[in-house]
Amino acid sequence: MKKGNLKCIEKMSYLGVGVSLGTVPVYHSTNLKLLDKRIKIADLVLRFMILGIGVVAAVLIGTDSQVKVFFSFEKEAKFSDVKALVFLVVANGLAAGYSLIQGLCCVVSLVRGSVSPGTVPVYHSTNLKLLDKRIKIADLVLRFMILGLGVVATVLIGTDSQVKVFFSFEKEAKFTDVKALVFLVVANGLAAGYSLIQGLRCVVSLVRGSVLFNKPLAWAIFSAEQFHKFSSFYTPTTAGNGSKTEERVIQTKGAYDSVLWVVQFSDLHFSVHHPDRAIDFHDLVGPALSFINPSLVLITGDLTDGKSKDLLTMKQNEDEWMEYKTVMDSVIQRSGIDKSLFFDLRGNHDNFGVPDVGGSFDFFSKLSISGQLGRTGSVNSVTLETPLRKHLFVGLDTTMLTGLRGPTNLFGHPTDQLLSDLDLELSRWDSQSEKPVTKIAFGHFPLSFSAPSGSGRTLEDVFLKHSISAYLCGHLHIKFGKNLKRHHLLGNQFLPFQKLFQTNMHRSSFGSTVNCSSEVPPIQEFWEWEMGDWRWNRAMRILAIDRGHVSFIDLNFKSGAKDVIILPTFPLDSRFMSTSLSHHNYECQNVALSSYETIRSLVFSDSPMVSVMARVYDLQSGSLVLVAEAKMNKHADEASRESLYVAPWNYKAYEDASPDRYWLQIEAKDNMDRSTFSELRPFSINGHNFEFSWSWKEFLVMGCQWAALYFPLFWSALYAMFFILLLPKALLVFPKKIYTYKNFLTNKGLISGVLWILQELCRVQTLWFCWVGYLFYLILFPWFMGYIFTEAKRKGYMTFRGWVIETSDRKGQHEYVGFPDIMVVVLPHLLFVVLPAILVTGALTAERAIYREHMLASSGKKKDDIDLNSRRCNRRTRKLLFVVCLVICTKHFMNCRTLTKAYDMNPVFHFMGYGVSIPLLLAYAIGKTRSA
């Protein structure tokens with residue numbers, strides 16, 4: 001056997017197939033020797049690059065905290081936070097150590113002029129041979145340790161999601177987010193490249209006739225090493241808590257024109273103080289779902305109540321969550337629907353007093369359906385696919401990252417990262433699907449109670465960008481009205497009030513003509529549908545998508561179970577479902593007119609249907625006149641989902657510019673001769689909207705963007721109060737414009753009367769300065785302190801900008817949370833306590849001035865001429881003002897009691913100047929104006 005082959009056998013037997021694999025003998029021609037020298041130099045450079053970058057990566061990961069800011073707070077993370085990285089770092093360190101050894105050997109080889117890098121000559125003395133053997137053994141041990149740890153790290157990264165929760169947020173992370181990992185990946189890449197070169201050299205050795213001892217074992221080791229090296233490049237896409245992004249597509253059963261339907265519940269508010277809510281849900285929902293058989297079941301927040309019996313303390317209650325889990329498990333079993341088709345979301349009640357996601361009080365992550373199924377992200381989606389269309393449902397959790405106790409936990413708080421994830425999910429099929437896509441989003445908070453992100457972006461911006469069909473939400477409850485719907489349309493952005501409020505349910509852009517040019521930008525719009533609550537109204541919604549047409553029906557189970565449910569899917573209700581796009585498409589004939597040729601309705605029943613009739617009424621004469629009646633037949637192609645009924649009609653006969661001329665009603669009769677009628681609905685084939693106005697309560701909760709209105713309202717109230725206090729004072733000091741009771745009696749003008757009253761307040765110097773100082777106190781100092789989480793250990797103090805709490809890393813830094821949620825405390829205090837108190841103290845000082853004038857007038861007259869009745873009348877005004885002071889104090893003390901219970905506050909030490917200032921100022925004003 002040749003000496004070169006013997007050396008290759010010796011290397012393979014000791015070192016396997018790795019960095020020193022494929023040693024080429026030095027007994028070559030001149031050209032080969034020159035090539036071998038170049039390979040030596042390249043080998044040396046690669047080794048020291050591996051060593052250098054590996055050391056840098058280890059130093060960065062071991063010492064650099066890699067502080068990365070997410071959404072206005074910081075988390076100081078180290079590699080030990082994820083166990084897979086521990087293995088990866090150790091493996092990389094061993095690789096660096098091994099490369100150091102081989103690099104030294106390479107230097108020795110070059111100096112001695114011996115064989116190629118990594119090959120230790122066999123022609124030494126006994127001592128050198130012993131040293132050489134030890135080096136080889138150490139080399140072999142290091143190689144197998146690198147291989148073993150590398151495989152473990154690869155398995156952990158590839159299969160273990162490494163879920164780690166950081167303060168209830170999510171971040172879709174890649175290795176480039178941490179610069180140390182960039183070095184780590186580059187080092188592994190260089191090692192992989194070097195191993196590839198050595199593998200090619202081994203191939204050359206085999207081709208030239210070299211003999212390898214135990215070739216199968218050598219190549220097995222080589223292949224395993226290559227797998228380890230190249231697998232370091234694979235990093236699964238994860239959310240911020242480490243969970244893998246899942247693309248789930250469900251193939252639904254049905255024909256080409258099949259209709260999809262889903263069920264929505266919201267605001268269940270299961271409570272230990274109201275067990276009837278859970279009992280009714282258990283008894284009514286399971287059987288209803290069994291015959292409705294929806295494709296999805298959506299539960300949009302407030303799963304539990306989290307309130308004490310007096311409704312003042314708001315924090316998590318584990319017993320309520322255990323009840324929720326038990327009831328939902330039973331409902332799922334009784335309904336016969338797979339558990340994975342249930343999507344529940346977190347509401348603000350489910351977030352009361354939860355300082356961080358995954359903590360001991362985050363029962364949603366442990367006991368909700370989504371938590372049990374591992375849906376830990378803030379954005380989760382599922383796609384329902386039929387042969388001709390995709391239907392994308394995207395759920396979003398916008399609750400606070402740091403969950404405060406109520407009542408200052410009222411708004412949704414989407415972050416910039418969440419909006420980016422939402423944008424990504426909604427565009428999932430934009431470039432991947434040849435089928436049209438219907439997009440539905442669902443969450444807990446209506447957009448009127450959703451704050452903008454840190455950069456000022458809103459959920460509305462993202463929804464308009466993608467022109468989703470509808471956003472389904474809850475939160476408001478039916479007590480505010482039954483028409484909590486809102487149409488959003490991009491346009492008229494130049495109007496200054498556009499971002500503050502919308503005065504009408506509809507925002508239409510219909511003109512006399514429709515521009516069908518392809519150069520016209522697409523219409524960006526969507527509907528927002530709040531559905532009510534299970535808490536008091538036992539509400540349930542069925543939403544259907546019929547060839548892209550989205551319709552719904554809201555039901556309530558207060559009177560018991562429903563035997564028959566009717567949901568017309570076409571034509572659409574012109575009040576809540578017509579869009580500008582549907583009008584544009586119809587006029588420009590951009591739709592499949594075949595979808596207009598039948599009246600379609602879903603009929604759900606627990607007993608067989610005998611007949612289903614469709615009736616069309618005309619309201620042009622002022623009363624409903626039946627103009628068409630047709631029998632509806634079960635859809636012939638719907639063998640697996642027997643709920644769709646259709647009837648042919650001449651849709652062109654109902655084209656009309658009026659959106660409420662024609663009305664549709666469906667009658668269903670079962671085999672027990674029971675007739676059920678659907679609600680009369682106006683429809684418009686042309687896609688016109690029936691303008692439907694809100695009540696004043698509906699406008700307040702749906703039309704006002706409270707997050708945008710908070711600061712304008714706050715500063716307007718403060719400026720008004722400063723104006724009330726400073727203007728009269730300025731008139732007294734500068735122009736010497738003095739208003740008195742006598743001037744008022746002479747002029748009897750409204751302005752002079754108001755200025756006289758306010759100047760009387762300015763003349764009581766102490767009282768006036770106290771009011772000005774109190775207003776500055778509200779701006780510059782904390783209002784009160786309290787325990788804001790379920791576990792009463794961490795305190796915060798509230799200002800008009802939000803709660804100030806210590807950051808989660810507990811390093812002495814503070815952050816603001818709860819903006820604009822604190823408006824529920826701030827604005828009522830300013831508008832219903834402070835402002836009335838200032839006005840009533842002004843009235844008290846004015847009443848004293850009137851009393852003084854009467855006293856002065858009567859002091860110069862005879863006793864018989866004194867008008868005692870007039871004097872008694874004036875003091876009755878004071879008594880009335882005293883009653884007003886009592887009302888204001890009562891209102892204030894009720895607010896203080898609510899806050900005391902809500903945040904476990906000590907009335908003496910925690911209220912600071914908020915609690916006692918108003919009563920003291922009113923008491924001082926009463927005492928100061930007691931006598932003339």
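Positions of Cβ are set from backbone N, Cα and C atoms, glycine also.
Please treat TrEMBL annotations as automatic predictions, because they have not gone through curation.
What TrEMBL lists as domain 'Casparian strip membrane protein' is 37-116 (among others).
Under the heading domain 'Casparian strip membrane protein', TrEMBL lists 133-226 (among others).
Annotated domain 'Calcineurin-like phosphoesterase' per TrEMBL: 261-478, in sequence order.
Confidence in the domain 'TMEM62 Ig-like' (561-688), given as mean pLDDT, stands at 89. Under the heading domain 'TMEM62 Ig-like', TrEMBL lists 561-688.
Residues annotated as domain 'TMEM62 C-terminal' in TrEMBL: 712-911.
The feature transmembrane segment is assigned by TrEMBL to 12-29 (among others).
According to TrEMBL, the transmembrane segment annotation covers 44-63 (among others).
Per TrEMBL, transmembrane segment is recorded for 84-111 (among others).
According to TrEMBL, the transmembrane segment annotation covers 140-159 (among others).
Residues or ranges marked as transmembrane segment by TrEMBL: 180-197 (among others).
Outside the transmembrane segment (706-727) by six or more residues, the chain places 411, 448-452, 499-501, 755, 758, 761-762, 768, 771-772, 775, 778-779, 800, 819-820, 823, 826-827, 830-831, 834-835, 838-839, 842 with a CB less than 8 A from a CB of the stretch. Positions annotated as transmembrane segment by TrEMBL: 706-727 (among others).
Per TrEMBL, transmembrane segment is recorded for 767-789 (among others).
Here TrEMBL flags 822-846 (among others) as transmembrane segment.
Sequence annotations record features per position, and here TrEMBL assigns transmembrane segment to 880-895 (among others).
What TrEMBL records for 907-926 (among others) is transmembrane segment.
Taking Cβ pairs closer than 8 Å, the transmembrane segment (907-926) reaches residues 764, 766-767, 770-771, 774, 777, 781-786, 829, 833-834, 837, 840-841, 844-845, 882, 885, 888-889, 892-893, 896, 900 in its own chain, all 6 or more past its ends. Long-range contacts of the transmembrane segment (822-846) within the same chain: residues 407-408, 410, 706, 710, 713-714, 717-718, 720-721, 724-725, 741, 756-758, 760-761, 763-764, 767, 771, 774-775, 778, 783, 798, 800-803, 878, 881, 884-885, 888, 891-892, 895, 899, 914, 918, 921-922, 925-926, 928-929, each at least 6 residues beyond the stretch ends and with a Cβ under 8 Å from a Cβ of the stretch. Counted with DSSP, the domain 'TMEM62 Ig-like' (561-688) comes out as 16 helix, 56 strand, 56 coil.
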